[in-house]
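Below is one structure, written out as structure tokens, with a few remarks after it.
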Amino acid sequence: MASCRVCDLRTLLAIVCGLITTIILGLGIWRAVVRIQKGTPDPTPSIPTGFCRNNGTWGNGRCTCPEKWKGLRCTIANFCGNSTSGNLTFDEITVGRYGPSLQTCDKNTPNVGKPRATRLCNLTEDGVIKLQEPILGNCSLNLETLEQEIGTSMNFSTISQEAQILTSNASALTLSNLTSATKVVGQIFNESRNASSEAKIVAVTTVSQLLEARENLFQKAAAADDNAFETLIKEMENYSWSLGNKTVLNPNIAVQSVILPSGDTGESTGVRFTVQKGSSNSLVSGSTHVETNVDSINPDPMTELQIFLNTSKVNARSCGFVVYQNSKLFQSKLFTPTSSISQKIISGKTNSAGNDQSASVKMVFHPQYDKKEYELNSFACVYWNFSKNDWDTNGCSKVGENNGFLHCHCNHTTNFAVLMSLKKNYNYPKPLDELSTFGCALSITGLALTIIFQIVTRKVRKTSVTWVLVSLCTSMLIFNLLFVFGIENSNGKSKTSDTNDTNSKENTIPTRGILKVSNLRCTVIAALLHYFLLVTFTWTGLSAAQLYFLLIRTMKPLPQRFILYILLIGWGVPAVVVTMTVGIIFSQNPSQWELNYRQEEICWLAIPENKDFIKSPLLWSFILPVTVILISNVVIFIIITVRVLWKNDQNLTSTKKISSLKKVFSSLSIAAVFGITWLLGYFMLIDNDKIRIIFSYIFCLFNTTQGLQIFILHTVRTKIFQNKASEVLKSLSSSTGRMTFRRPSASLGLRVKMYNMLRSWPALNERFRLLEPFVMTKEMTLSESDQENESI
């Protein structure tokens, strides 16, 4: 009768656990199906897939094309094909650019490695793309030599042409090349040198090519000499009003001059210069135009930048404008720009009697950035102050922001810019998914009960190993608690620290282009999650190592001080890894180390925006060590499963009676402790979105309930727990014939019989402690190894 009730209790427990697992599995599958259906939106009818061709990208209501293509859908060629001329060959050349020859100067020449010639690809007046004849360079001259000759030679046309050839391959320029080239072209623009207009036009091309050099070269040059680019910038301003009514246009720079009517005509004397959006980010023919006799700014939807000079109060003879595609010549110590955001600089200057530059200036900027990824936080209207060699706000004020246009006003003319501070539009996740919350809640309950059970019943389970399991459950319990209550970033709930002040009249220069939001609490949570998850995996590895010693090396005792070693490894090594990770990242960039260590969306390790996982802390401080542990755990799991669990000894009839179901449960017990299900996380790296989502939910299902699995397989299945649970249930029952729990006899004979009977049944409900690493006989008493292992 009593045995029947015990069987009923076990059946009830099995049914309850089966129902819970089935409900969770069904919930996971249902959520996966719903997410797949909702997460695959239909393509927008107005913008069909593949609308932008030739690697063009859709954004801000238009296709942004590579330089070599143009048109509504980036289907019109904007380049000259591969060509040859004599013994010179050239690759494809974009319209408006000079292309370097593939042939370079010999190694015995001062100009070794530099192209021997350049060739221009341009548009004729009829709009036909045409290649010009190659221009040969002198391999015995380099930029450093030209810098020396510019002070004595009067052959500026040759020097300008050589400088253009030597800078045609901007990616190969060095710091010395950059500084020498800027000094050479600065002298060519100097009016006192009387260089020809052709030499100056070629020099503009050289400046455009220099603006494609690496950013760090400009930074190093400015750090070595604050006035490194001052001469070039000033001479470009003066050159801008000397062109008559002409324009010199290059991909990275445009120069426009306007002659103003003399005398009082009764008409408005304002001049408006506009830069239009194009199909690419480069300045191309038709992207700039100037208007005279106007009285205000008047931007339209295609305007990217517009400046209005009110010259009615100054005796101006002409106006000049210079547009720089980027701010590389303007190296600021106050503001750190963002390389991925276009930062155009506009120079507006008048040629008036007495060099009076007090004309009223109005400007509008329509900054080009991905509105889905970034949001404008603040901006400042500034000019370049040559006395400070930095941006300044004196005499400039903010008018405000309207329909995406940033309005500025200044009471003098010079080089202007709008310095923007953007904040990234982080996709803060909603509160944790129901499946994650439910699974973690079950795991937290199961882990807590397992820890309590292992501690309370330790004396009853004299032959049970508890240190490893208790440590594993403790680290996993703390991780689950931190995950549920701390992984969400509080910045996603409250944005009081990111107040938008685009319409504020305060004209304060921001410190950087991208606003970095600090949240020390989130960083601490990320570090704790990092630590405790590494601890959890470390204990799974130690558990595998311990089972290997107990089950495979059964004739050898555990190493001396085994418990001390595993405690130091289990809790100490992850602390060293986390500390080194934080220290290295902080030393590399102290000002923004937080978002280099963690994500902003959630309080977890960062993933680089450029997908450079080699530099990611997620890779070398988490994925790599976890991968090593999982691989070793899988190897040990296979060895134990094959050599212990599923191996039948034909000489022992007891092994033939063990059901396959029990062997399966034994295998699952090891898999749960070894964390084998974490291997599913690698399937989440699959590119297919639907497959990745399915594996994400399967991964979530198995790993958020890992604590529940350990509780069922390592606590519920033990006879002690079942008997204790039976006592509790029967104490609540009013029926008679209550069955009391009797502690098994501790006599040596009974222990020997139990050991010999169960040695062939590796059921794992006593943590494999029944298979002790020594041989027992009826004549033996408890050995020293027995007593040593009892304390584990």
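Heads up, residue numbers simply count up from 1 along the chain you see.
Cβ from N, Cα, C; glycine included.
Whatever TrEMBL says is automated annotation, not expert-curated.
Taken verbatim from TrEMBL:
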| type | residues | note |
| --- | --- | --- |
| DOMAIN | 273-426 | domain 'GAIN-B' |
| DOMAIN | 432-718 | domain 'G-protein coupled receptors family 2 profile 2' |
| TRANSMEM | 12-33 | transmembrane segment |
| TRANSMEM | 435-453 | transmembrane segment |
| TRANSMEM | 465-487 | transmembrane segment |
| TRANSMEM | 528-550 | transmembrane segment |
| TRANSMEM | 562-586 | transmembrane segment |
| TRANSMEM | 618-646 | transmembrane segment |
| TRANSMEM | 667-685 | transmembrane segment |
| TRANSMEM | 691-713 | transmembrane segment |
Folded-back contacts onto the transmembrane segment (528-550), same chain, C-beta under 8 angstroms, at least six residues removed: 465, 468-469, 471-472, 475-476, 478-479, 482-483, 486-487, 556, 558-559, 562, 566, 569-571, 573-575, 577-578, 581, 603-605, 621-622, 625-626, 629-630, 632-633, 636-637, 639-640, 670, 673-675, 678, 768-769, 771-773
Ranked first among 435-453, 465-487, 618-646 for CB pairs under 8 angstroms with the transmembrane segment (562-586): 465-487
Averaged pLDDT score, the domain 'GAIN-B' (273-426): 85
